[in-house]
Amino acid sequence: MVTHAAGARTFCEEQKKGSTYSVPKSKEKLMEKHSQEARQADRESEKPVDSLHPGAGTAKHPPPAASLEEKPDVKQKSSRKKVVVPQIIITRASNETLVSCSSSGSDQQRTIREPEDWGPYRRHRNPSTADAYNSHLKE
């Protein structure tokens, strides 16, 4: 195991040295990220090697690295399944007319009209607020 990890390190180091000079800056950033990930993988591979040495501080059950890596994947898959995509339903205008029973008993359609005198709230109904304040002061 130790020789395999050391071989992986030299391979990564060779990749870094060979690609640093010939790759544009944006690709260099990607390579740095990959090299950092490789370093983390090397550190993780070294941890079980150190824990294999017998000693008073060793645990009876070492944590399995594979099961720890699988758990985030399971959470991501389950969260993807729970996402509900909203559906947009396109409809057209309705041809229905509302019929209300009034005291007069007529079935004719009515238009809702705004009262002409709004009192102190009139200034909010005008298109220009400056005109609303001027007309309020004159009254």
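The backbone N, Cα and C atoms fix where each Cβ goes, and this holds for glycine too.
Feature list (source: Swiss-Prot):
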| type | residues | note |
| --- | --- | --- |
| COMPBIAS | 25-50 | compositional bias 'Basic and acidic residues' |
| COMPBIAS | 97-109 | compositional bias 'Polar residues' |
| COMPBIAS | 110-120 | compositional bias 'Basic and acidic residues' |
| REGION | 1-67 | region 'Interaction with ATG16L1' |
| REGION | 68-139 | region 'Interaction with VDAC2' |
| MOTIF | 86-91 | motif 'PQIIIT' |
(message) Return the average pLDDT for the region 'Interaction with VDAC2' (68-139) as a whole number.
(response) 65
(message) I'd like the per-state residue tally for the motif 'PQIIIT' (86-91) from DSSP, helix first, then strand, then coil.
(response) 0 helix, 0 strand, 6 coil
